[in-house]
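According to TrEMBL, the features are:
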type	residues	note
BINDING	Asp938, Glu940, Asp1046, Asp1098	divalent metal cation binding site
DOMAIN	476-884	domain 'USP'
Amino acid sequence: MNFDGLDAGMGEYPPSLHGTLEAGMEPSMDPHLNPNLLQGVELDPEGLAVTVPEPVHLMEGMFSELHSVVSEVGIPVTATHFDLQEEMLWMGNHRGHVTSFFGPTMGRHSSFQAHAADDIRHIQSLETGVLFLSKSNLKCHTRGGLVMFDYPMEDGADMHSLLMTDNNTLLMGGLQNYAVEVDLNTVQETQKITLRDLRSFKTEHEFDAFSGSLSDFDVHGNLLAACGFSSRGLNGLACDRFLMVYDLRMMRAVTPLQVHVDPLFLRFIPTYTSRLAIISQTGQCQFCEPTGLANVADIFHVNTVGQLLMSFDVSSSKQALAFGDSGGCVHLWSDAPEVSFNDYSRETEFALPCLVDTLPQLDWNHDLLPISLIPMPLTSTEPLLSDWPSALATPSPSHSVELIRFSFSALMVPYKIKDVELDYDNYNQVPESPIGRDEEPHLYMVPKKYRKVTIKYSKLGLEDFDFKHYNRTLFAGLEPHIPNAYCNCMIQVLYFLEPIRCLVQNHLCQKEFCLACELGFLFHMLDLSRGDPCQASNFLRAFRTIPEASALGLILADSDEQTGKARLGRLIQSWNRFILTQLHQETQEQEGPQAYRGASSSSLGSSGESAIGKLFGCEVENSSLCRCGKETVRSSLTLLFTMHYSEQSSQEKTKEYDFAEILKKSICLEQSTQAWCENCEKYQPTVQTRNIRCLPDVLVINCEVNSAKEAEFWKVQAEYAFNKAKKKEAMEPPKPKEPPPMPTEWCLDGEEAASMEGFTFDTQAEDLRHVWIPLTLKMSISKSQGLEVSSWPEGEELSAAEEADGASLYDLVVTVPHVLDARTGGNLVAHIKVGETYHQRKEGVTHQQWYLFNDFLIEPIDKAEAAQFDVSWKVPAILYYAKRNYHTKYDLRIKNPIDASVLLTEASLARKQRKSHATFIPLMVTEMPQAGDLVGLDAEFVTLNQCHHAGCDGTKSTIKPSQMSVARITCVRGQGPNEGVPFIDDYISTQEQVVDYLTQYSGIKPGDLDAKISSKHLTTLKSTYLKLRFLIDTGVRFVGHGLQKDFRVINLLVLKDQVIDTVYLFHLPRKRMISLRFLAWYFLDLNIQGETHDSIEDARTALQLYRKFLELSRGGGTDEVRKVLKGLYEKGRQLDWKVPDSDTGDGQEKLDESLDAALHCEHEAADGQRNVLSQLHFEYEATASSRLT
């Protein structure tokens, strides 16, 4: 860029702006710097921050200043650049110093010297670092400041700009007649390129733009726009107010564009149109269309306080503009208050806070506390071994605190447990602001454990993803990458209510899509899991079919979930109301276990009382009083209450309220509204009041904090409560803390034994910051005063007189907050007080503990944290208060309602299915499986949604896997005279749209799953699921190939000792997995899966391979098996793991002979063989016909 002819105010600097200032000659403060710039600015060694009034109000769509910061006063900012990978803004100044600022708040991220004396002329961000170009040098630094490489130019070089041609190659050019190409892999110059056409080695085209020199140009689509200087004779150069616009298709100029400012920089900012931003050196900016007329109204001014603009850049998202001026100030402009620099930015790593400032509090009374953590004072005058003589010791250099912090973070290389683990998902590390949380509270407000967790899928799916990194407990998390998985936190809430857990597992009905049944199946998996996450896929599949859920807007589109457009706080409260009502309807009049075959006699939706009604229900009396005196009273059952807050004007100061007071007003609600009066026969103003007649066992509260007004009310009330607690604590003598309880099995490896996090201590006032809700409530109903609600000390019990009066204590057991995170769209988590029975089942110990449930991240927390709501990022949504010892009156036994009757075949849903097409023979009563029996299993799947990939650098990473649905499940007998004969071969009907039938791999064809045209034995997923559940509960052992994925898609959890997977039987460590087809050819001489897969064939083959494995094991033991497997891998490498196209007729004949033998009983007489098969088919037909009737 040619700076000749710039404003005279630049005369203090050498004629060439990029000349080198002699060391020590620069003034510490620019004498031309306006003193007004320093008003409200605090000087520090690292830089200055301009105070911007808060909050910053921006008009949507109009660019205005968002923030300004000063790097070094008086040192011109010669280069600005928006990072293309992270939410950072880089600037370089005239002295070679660079600084990065994080996000729209411009918090300082890093600051270091890139070049000793030369100015920074161009900045370019890469995936792994940042390039800084000076006059004769190119350097690459990490974003923390460590040097990656230093590339000096030849003598006489005067470089001004660089251009990335691909990920590993760049071009550099300047005031010479050649450009330099550099390979970033080898950091070497590959060639010098003269500015010629590569085909003809001649100049392709020239545009004679300006009579003076070119200032800036930009290209968008087919348009090239340029600005520059025109010659004014003896007066030198002056900015030309005509922009030259060229059409690159015709290689000619279009009509010049006249602007109202002196253009120095220009950039295309394509959003809805191809807008041009034209910037003058005095800070004026004008927007115009390249083919239209400029409008004076489109001009705004950058307040540089008399300084000149030296650099300009536009973010890749086109939402932010950055200006650097000659006074060392960087100005950030935006057209929206919530601005992002890139469309898809990765997480930014921050320097860890100084460890000296964050030493944990040590408890001397803790038995397991390592002694090495306790600082020991010197008690003697004897010299220490580490006290070297001064002659042998070198003086330690003095460093600033900031430098120590930065160096510490740069040298700390986190150890990655798995290669597939996301860099920003390091467990329990909360990135802090590099200058401290107190100084920059708006940076990283959301703690790490509360942010949305994600799974990075590799080629192996989830097999190499370490979920233990996020969950050190034995409780099971839930995976989030399923449509409508926003309700995972509420599923966990229902699971940890013991009566609900038992109720739904005892429930079983014939409805195809019953949420109570699906919850029971899911809770059974959560019971069996030992810390591994589960999926709620079948439950959410049934949830999507409920018409009421769709009518209430609870079914989210994929786009809403991914973009974060859904209002999750309001949504989860509606879901809470819906699920309680739905479970209440589905479980009415189902007192005990319902047999699957006999459930048709139940009348769902009847007026009978359900266990849900007993647990959550509260009989309320609603009274409507018209002004004519007519009063109408009606009774109803409510399952939850909604908070209603006091109405106050904006000017009036918010009064102090106790939570119990607001809760009482919300339960006993009184409001005026228009209602129909039968006496007046028209709508009249009516006073409606609500009173309750009984107290529920579990009090469910929707907080309704859905606007800034309610959030401010919570904030103010929490401040009142906190100040009151501080005063109370100041008046009382300090109490010694009780020793924490012994750590339990959730501390798996002992590495957290010294940590105090997760244990429960005596609550101090500081722990009550942001706390308004009490941990315990006292509630009672009296005839004289009605409902009474008050806060109660957590550890105290009621007196006998109070219990006699009907008072009850309610303990806080659940809080569900909505976490506000602009970068991820927010998420929902749950704080749950897990009871003694759950710890007893999982860990064998009896205690209670609060936990944070964030999808598959589970972490113990303190009780105070569960009640804290900093509404700037953590908004309360749902509260559960449980009556103390309420579960003692409920039957908490689980009687498995799934019996052998589910294995009796039922009529196919397909209308064209015929008996002659039956591909399986159901089990007879004498064949019912026993524990330890073998069952061959195989499943085929179809795709409902394709997987989603991300990667702007050409690489692909799966951010959301394809959604699979089971389409066919086959089980074959694993022993007995009918070994190999299938007894289940169900095609699964689906109501969701199938994207890909995967016919080549599944054998499923379009129409096979359609009840109108299918000729297969078509059933519901629930029917087949019950069959598999019965086999699992019986204790059979499943034999198959790749069963882990099969069970995952079917949504079943099977204990490892019940699974025999041939994938792992014939596998050597650190070697590839071998396909079933190759194993069958190598060991059994069978050629299977020729054109498509057949699940019956695959299940039989897996059984035969298991028999072969047992034969090898018995023959020579482990050594023999390993020897055979080495031969298998050697043969596979020779054939490239492809089955040769040789004739395998002999092997097929052997298979046919074995199948024929399995289809007949081993009787001597031929008549006996025919009679047995006839009997099997007769029983099948009789069962099917009885099922139809």
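Easy rule for this one: first residue shown is 1, then count along the chain.
Using the three backbone atoms N, Cα and C, a Cβ is placed for every residue, glycine included.
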Check your understanding: Do you know the mean pLDDT across the domain 'USP' (476-884)?
Key -> 84
**Study point:** Near-site residues: divalent metal cation, ref Asp938, Glu940, Asp1046, Asp1098, CB cutoff 8 A to centroid
**Key:** Leu937, Ala939, Arg968, Ile969, Thr970, Gly1040, His1041, Gly1042, His1093, Ser1095, Ala1099
Review point. Do any residues at least six apart in sequence from Asp938 (divalent metal cation binding site), in the same chain, have a Cβ closer than 8 Å to its Cβ, and if so which, in order?
Key: Ile969, Thr970, Gly1040, His1041, Asp1046, Ser1095, Ile1096, Asp1098, Ala1099, Ala1102
Practice item. Around the Cβ of Glu940 (divalent metal cation binding site), how many other Cβ atoms lie within 10 Å? Please give the count over every shown protein chain. Key: 25
Check your understanding: Across all protein chains in the structure, which of the binding-site residues Asp1046, Asp1098 has the highest Cβ count within 10 Å?
Key -> Asp1098
